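Now, the feature entries from TrEMBL:
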COMPBIAS  723-733  compositional bias 'Basic and acidic residues'
COMPBIAS  734-748  compositional bias 'Polar residues'
DOMAIN    139-434  domain 'ABC transmembrane type-1'
DOMAIN    470-715  domain 'ABC transporter'
REGION    723-756  region 'Disordered'
TRANSMEM  139-156  transmembrane segment
TRANSMEM  189-215  transmembrane segment
TRANSMEM  274-296  transmembrane segment
Amino acid sequence: MLLPVIRRSCLKSAFNFGSSSFACRSTSGAGLSPFKLKMNLDNDRMFSTSSIILQSIQKEEGIQAEKLKKYPISNKRKEYADEAFLSTPLRKLLGISRIKKDELIEEEKQKESQDRKSFKENMKTIFRIIKLGRRDLRLFLYALAFILCAVLYPTASVKLVGSSIDAINQNIKDEEGNLLIWGYKAQTVFAVMVPFMCVSAVCFWARIWVLKVLGERLVARLRLRAMKQLVRHDSKFYDSEKHKVGDLISRLSSDAYVVSRSITSNLPDGLKNVLFGIISAYMMFSINPLLFGVMLCISPPITFGSVWYGEKIRGLSTKLQNASAGLTKAAEETLSSVKLIQAFTGEQKELAKYSNELRNVVNVAKTEALAQSNYSVSIYSLYHTGYLSCIALGVYLILQGQMTTGDVVAFTMYSEFFNSALYSLTTTYIELMKGSGAGVKLFDLIDYKNDVENIKGEKLTKAGLPNSEVEFKNVTFSYPTRKNHKIFDDCSFTIPAASSTCIVAPSGAGKSTVASLLLRSYNLQSGEILIGGKDIKDIQTRELRRNIIGIVQQEPVLLSGTILENIIYGLTPLQINNLTMKDVINAAKQANCHGFISNFPDGYDTIIGARGASLSGGQKQRVAIARALIKKPLVLILDEATSALDSKSESLINETLKELTSQGKITIISIAHRLSTISKSENVVVLGKRGKAVECGTFVELYSNPKSELSKLLDSTTSNMRKNVEGHSEEVSSTKSDSPTEALSPSPDNAPAFNEDDELNRVRSIIEDLPFELRQQLIQQITEQIESDRKAAVKEVQVIPDNLS
């Protein structure tokens, strides 16, 4: 039947296209007109080419047109016929239903392979989830026992209903006129059923309680397992776009709940329905095998439909979970940056982003709801078709005297149980697929393999290293998300032990990357990083971070809790037990934070809120410095650690660090771009844009050379400072004084009008950004000169500007 229809369609379409395309080309003359000639050629070529199509379609019997349309002629035209000579309308017509048999077979094989693989993955995930609950196996067995007891009463009550109806209709009574059911008095039978019902109710209650407890335990175990891995994943994991904080929170919250519900609720319900189905099927078969056969006819469509829908709903469930994760991520990003959003009036932009994510969730949910509605109405129709068929056949058998009314009533009730169990089993399968989809997402987080292992390597302490020298040896590195962009390319430099060294580089040249590599946040492509001659790859990452390296970041992160808890955060439980409050106060004094902490009513027990919200930026930096110093690390990394501090606090902290390095207790690596910070370091390492260390040396050596990379890098920053120094030198020379501070000294004639604050501010404005050594020399000269002149001018006033030191 298919061939004539296609042939007629091809002919009709060809003539329609031909008449519209070539009518304008008709000309007079002998013989055939160009129009007729064109039509004849097209007809011949159409039939010869369409025969190829028909042969292909004949070989692919049963293939739907929708599948054929997926393979347009434009892609595979030359594999069937040379159609270059055909007119455009015919090419369009013949391009509708081309398909190649080998490609279709390959596609079907791939689809079958994917289905088998998907089914195996689903089962593997489900069994893995069940394995997580093996600790609660005893509770699970109790739940199964309660389910069995709860199922027996409903199935027995159906048989009781049917037997009661037959006893009434047949007037089965004993000599005393009592109605007999199953050979016993009706009163006795119902009296026995009452405690049976009570036991069933208790079992029903116990089943719900036990499964709820199992569910919560499984959720807790899943979340703990996932969190245990998340806090140990390396930086590469968190750099990925797939692992944003909002997505991870969604996995821990909603996905874990979906997985737990699918196992602890739906799996036991499925077992309950299996029991219901088996008992109901046995009872129906015992009542009438013919009716039971009719009822079984609807089972295959329901089963296959459920399997198909289960696979479909699994994909939709995964999409819904991803959309929900995107919504959570948008909300988390907006709420965590609400102050910034308000400052830049970006409320509407963020609302638009959130609305877009919300729309995605709604659209996926609508698709899932539509699929569920289609499935439910199909199952409902099949179920009631079988149900009505059984009733009709049952009535017929009653009229024929082959069944009693009680048997038909009992059979229909059992069929209700059977179909309900069958439908519930399909629902259980669907929910298991949802749980499997969520479980795959969770287990992806758990199974992620870190590039940097925390436990591999030697468990080395500070005493195991001869010194704290740091060496980068032929280091080549690029970030995993930007593998083609090398941050370091065969980079080498050495930081002497017990010294302060500053890493200086243009933006994006790898200053902060030095800190990340020292902490082993990433693995190197090649090269070595040595501390005390020991490759850090040979040291346990946990021990490296716990005992050897301390870090203070530019934007210090404090955790919710007290100031004391934040200061001792990096210590082990054993170290905390041996710690005294004097040690904490000493670290706080070294970081210049003891003063403001003491001013709080609760002192070190002050609650600072999430991320230290109740502290200022400078206070947070000082607490972070105390947190690093109390560990007494061999190497201390300061990544713009004093950027939020005032000059006095910075000076005090620098004095503390200088004292520690002079005692040989610590090696300090500063990452900075400010001249005031760079000039305080003994050594400077300048990194270039090509991933190499371009120069190393002391600050005075490098900065005194105007052609050095350091001078070039700081040229724009120091231009204003040099102008101030030159202006100051001119002022000094104009007074014909050998001292660079004579111009700042007050004249004895003007002594009564002398203003101390103005004088000090003037001094600070000139010397604020001078190099460290020059500044110290200038301060000393200024102090001596001011003191001498003031004594001479105003003997009763003596001012010593100690705060300049």
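Glycine is no exception: its Cβ is also placed from the backbone N, Cα and C atoms.
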Excluding the flanking five residues on each side, which residues at least 6 beyond the ends of the transmembrane segment (139-156) place their CB within less than 8 Å of a CB in that stretch?
133, 193, 196-197, 199-200, 203-204, 206-207, 210-211, 213-214, 268, 271-272, 275-276, 279-280, 283, 414, 417
If we skip the immediate neighbours and take only residues 6+ beyond the ends of the transmembrane segment (189-215), which ones have a Cβ under 8 Å from one of its Cβ atoms?
133, 136, 139-140, 142-143, 145-147, 149-150, 152-154, 156-157, 160, 181-182, 260-261, 263-265, 268
Six or more residues beyond either end and a Cβ under 8 Å away: which residues meet both conditions relative to the transmembrane segment (274-296)?
147-148, 151, 154-155, 158-159, 162, 386, 389-390, 393-394, 397, 402-403, 407, 410-411, 414-415, 417-422, 425
Restricting to the domain 'ABC transporter' (470-715), what is the model's mean pLDDT?
84
